[in-house]
Amino acid sequence: MTYLAETVTLNNGEKMPLVGLGCWKMPNDVCADQIYEAIKIGYRLFDGAQDYANEKEVGQGVNRAIKEGLVKREDLVVVSKLWNSFHHPDNVPRALERTLSDLQLDYVDIFYIHFPLAFKPVPFDEKYPPGFYTGKEDEAKGHIEEEQVPLLDTWRALEKLVDQGKIKSLGISNFSGALIQDLLRGARIKPVALQIEHHPYLTQERLIKYVKNAGIQVVAYSSFGPVSFLELENKKALNTPTLFEHDTIKSIASKHKVTPQQVLLRWATQNGIAIIPKSSKKERLLDNLRINDALTLTDDELKQISGLNQNIRFNDPWEWLDNEFPTFI
C-alpha cells in the first residue's frame, strides 16, 4: 500500500507534492534502488540536479518503476537544475538534453536555475558535472572563472524549452528578493517555485512572504540545518549546535511524542513550505511522507521555532574558493 503526500497547485496549474525526496548526496551505488523503493512507498516528487552527479541512477529507478507498472510518468514530478556552467543561451538546451539523456526521459517537470551565477563553461567530455571547475588553470589557482551572462538571457532560453515541451515548469533556486523582482519584470513564463535553504536558524521570513505574495511556491532544502553540511566539513556547520539537540525542538518533540526531525519538517509544511528531505531508511521515508498526519504544531510552537532564527546560512557562494560571490549580500 502506498501513501501519497498532500499536493499544492502551482501558478501554472500543475500539481506538486508538498513532500518529496531529495537526491543531493544520494550515493550512486544505491540511488536507483532508493528511488524505486521510494516510489513503491508513495513518493512522487524527486528533487535532483545536474550537480548531484546521479541523474543516470535517478532515471534508472524512475524508469524501472514505470516499466513495472508501479506508476505512470505523468504521476511523477521529476526535478532537475541547470548548473552554473550552462547559463549561456547556447548551452542551456545542450545542458537540458544531457539531463534528459541521463534520466532517459522526454521531459522534466521542473527545471530550476540552481544559482544566479554564471561560470565559464567547460566541455562535457572534459568534466561533467563540472562543479566549481572552469578549467585546469583556474583549478590550480583555486579560482572560479565567471561568464558574463545576464539572468534574463538564460531565462528566455529556458522559456523556449518550455514551449518545446521539454520542461513543464521553471523554477529558481538560491535567488534573493531583488533578483526575483527583476526576473519577474522581464519573464514571459513565471517561475512556479523558489528553492532555498530553510531551517530555524535561517527562516528568511521576508523573502518567503514576498515570494508567496507573488504566487511562487517555496521549497525548502537542508531543513535540518547544519546536519546537512557536516560531511562536507563546512566550518560554520561544524561550529553550530545541531537543531536535533536544541532544547526548544526537543521539548516540542517530547510533547507531541515525535522526533525532532518531524518537528522541523512539520514547522515547514505547516507554514506552506514544501520539503525534500533525504533518507535511506524506509521507516523514515514513510514518516517524512506522512508528516502532516503525524502532528500539528500550535501557533505558539510555530513562533518558538521561528524565534530560533540567527540568519546562519550554510550554503553561501561568498565562501566558495576565492571568489566571494555576492549572491546573498
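Note that the numbers count up from 1, one per residue, in the order the chain is shown.
Backbone N, Cα and C atoms are what each Cβ position is placed from, and that goes for glycine too.
Listed in Swiss-Prot for this protein:
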| type | residues | note |
| --- | --- | --- |
| ACT_SITE | TYR52 | active site, proton donor |
| BINDING | HIS114 | substrate binding site |
| BINDING | 173-174, 222-231, 278-288 | NAD(+) binding site |
| SITE | LYS81 | site 'Lowers pKa of active site Tyr' |
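Cα distances from PHE229 (NAD(+) binding site) to the recorded positions TYR52, LYS81, HIS114 are smallest for TYR52.
A sphere of 10 angstroms centred on the C-beta of ARG284 (NAD(+) binding site) encloses 15 other C-beta atoms. The Cβ of the residue listed as 'substrate binding site' has ALA49, GLN50, ASP51, LYS81, LEU82, TRP83, ASN84, SER173, ASN174 as same-chain neighbours under 8 Å, each 6 or more residues away in sequence. Here the recorded positions are LYS81, LYS278, and the one whose Cβ sees the fewest other Cβ atoms within 10 Å is LYS278. Over all protein chains present, the Cβ of ASP287 (NAD(+) binding site) has 19 other Cβ atoms lying within 10 Å. Residue with the densest Cβ environment among the binding-site residues SER173, SER223: SER223, by other Cβ atoms within 10 Å.
Annotation for PRO226 (NAD(+) binding site): same-chain Cβ neighbours under 8 Å, separated by at least 6 residues, are TYR201, ASN234, LYS236, ALA237, LEU238, THR240, PRO241, THR242, LEU243, ILE312, PHE314. Here the C-alpha separation of LYS281 (NAD(+) binding site) and TYR52 (active site, proton donor) works out to 20 Å. Reported as a whole number, the C-alpha separation between ASP287 (NAD(+) binding site) and TYR52 (active site, proton donor) equals 24 Å.
Taking the Cα atom of each, LYS278 (NAD(+) binding site) and TYR52 (active site, proton donor) are about 13 angstrom apart. For TYR52 (active site, proton donor), the same-chain residues 6+ apart in sequence whose C-beta sits under 8 angstroms from its C-beta are CYS23, TRP24, LYS25, MET26, PRO129. Under the three-state DSSP scheme, TYR52 (active site, proton donor) falls in the helix class.
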